[in-house]
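Structure first, commentary second.
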């Protein structure tokens, strides 16, 4: 498989990661944190939390595609299953929100380990089809299993109190928690990409036979990347369940698997910050076009087509190309 | 014997027949996907939407133009195939030099657009399409009741599948196709117009999907979501069979339909997921698929 991110980010400087790049990234992280800290005073916090959850979801997907070269079309399985588990844990077991989210994330990682072990046996287009099919299996199981509440989903999930102390009833308090989760996830992804492990994953993506000849086991690395990505998608889904107090079949439906794909494509495949920009664009669009009903799907499909045909580098990829910097 | 396991022959054979019918659709659709993938190197995510378009074309021909089932069986694949030529020339042909995944993303977007448009205009509840008078009614075979239309679907699908196999494996045009699949550059050097072959192949694969859509219209109601539901199962079928062999696609499609039917009789709880479970097992034992070549 020729790989996606190199064809996309063709204009980007080589992965040397010099001092200037590092300083720039640090500045972006600080700027992002400051912007997010001020944002709830300017914009409706629930909207921002939705953007952050989906941004983390898209970053998780992009970790696998952009840095592992694996295109998963079934990330809704981890997002949705974690959402169900965390909603169930908070509502039925009465766990505090942070424990409920951890439970959801853990289940997503286990699911990711099982599905990943199957999926990494195939490459490229087959990998995408396998992950999609496995996710559809999770969807059918969610329709049948009693604990998911079928068509109703799990409603009225309590937001609870962080560590049993701080109430999340106030949107703004909850917002800062979601922001911390998001920034934590993003920093983890950044750290992984720039770790020796991340370098090996990139090497495997670029030239698998050569990586094998150097003594690496590609399947192990791909699986580890898959589990990490599934876990982060789960973290996003579990947090979303607490924020919206709802887990439903929408979260595990195949169309949910398309969301991070579109966000990543718009933002820039293989860029660190692209999926965040993509999530902001897509969630805003869904919000403003909500009154159009089913037309949103048509618009989204149209954007997919246009992005693939004329804007493959994505928003952040385009900026990165102009600045000749990795972003 | 049937009383022993607590299942009447009517139920067993009825479900087997339904399985065979689902299997016919799996076979035709996965066959189309395989032919398209072989030459274009893209997975046609729009395939499900094009199957739905076939059913809708039949419904529209009947309700807007008064053209009945038999003409629809011929016209709907031609109409949808013509639309496919437009889509291939305008959109898909721009992606051949890029990674396969972009083809998947583009056709996914196209599927969203088509399905969204039809949901807007026709709702999600589904429209009825009557069985043609010639094929209404049925026969009592003694061990089961065979509705004529269902028998026809199985026969028609098998005929189409085997004709396709014959065309690709035994005719001159098919040999061009196989040559272009193997090595497009060399084939073009021998004076064969490969880009046109690519366009026609895409149209042919899509026309197959539309044909399946017309066959499905009287059995399932004509519904904008009918394609999205079936295409993911067909992907699993393709992973199980591997896309290397035409005959393999046909056998896998019918076989999995039958297994699904049997599951509905003996263990209905997993009937929706059995194909995905088989896919997981095949991936463990023979990752390249039953008829696939290891890559």
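Yeah, the Cβs are placed from backbone N, Cα and C, and that goes for glycine too.
In TrEMBL, annotation is done automatically, which means it is predicted and not curated.
These numbers come from a predicted model, not from an experiment.
The transmembrane segment annotation in TrEMBL covers A:27-47 (among others).
The annotation transmembrane segment is assigned in TrEMBL to A:54-79 (among others).
Counting same-chain residues at least six beyond the ends of the transmembrane segment (A:99-118), those with a Cβ under 8 angstroms from any Cβ of the stretch are 74, 77-79, 81-87, 89-90, 93, 130-131, 134, 138, 160, 181, 222-223, 226-227, 229-231, 233-235, 237-239, 241-242. The transmembrane segment feature in TrEMBL is assigned to A:99-118 (among others).
Annotation comment: TrEMBL describes A:125-142 (among others) as transmembrane segment.
Here the transmembrane segment (A:173-193) has long-range neighbours at 25, 29, 32-33, 36-37, 40, 45, 48-49, 52-53, 55-56, 59-60, 63, 67, 97, 101, 159, 162, 166-167, 228, 232, 235-236, 239, 242-243, 272, 276, meaning same-chain residues at least 6 beyond its ends whose C-beta is under 8 angstroms from one of its own. Annotation comment: TrEMBL describes A:173-193 (among others) as transmembrane segment.
Under the heading transmembrane segment, TrEMBL lists A:223-249 (among others). Remote same-chain partners of the transmembrane segment (A:223-249), defined as residues 6 or more beyond its termini with a Cβ less than 8 Å from a stretch Cβ, comprise 46, 49-50, 53-54, 56-57, 59-61, 63-64, 67-68, 70, 72, 75, 78-88, 90, 97, 100-109, 111-113, 115-117, 119-120, 139, 142-143, 148, 150-160, 168, 174, 178, 181, 185, 188-189, 192, 197, 201, 260.
Among the features that TrEMBL reports, transmembrane segment is placed at A:261-282 (among others).
Annotation source TrEMBL lists transmembrane segment at A:289-311 (among others).
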Seg_contact(the transmembrane segment (A:125-142), the transmembrane segment (A:261-282)) with at least 3 CB pairs under 8 angstroms, min sep 6: no
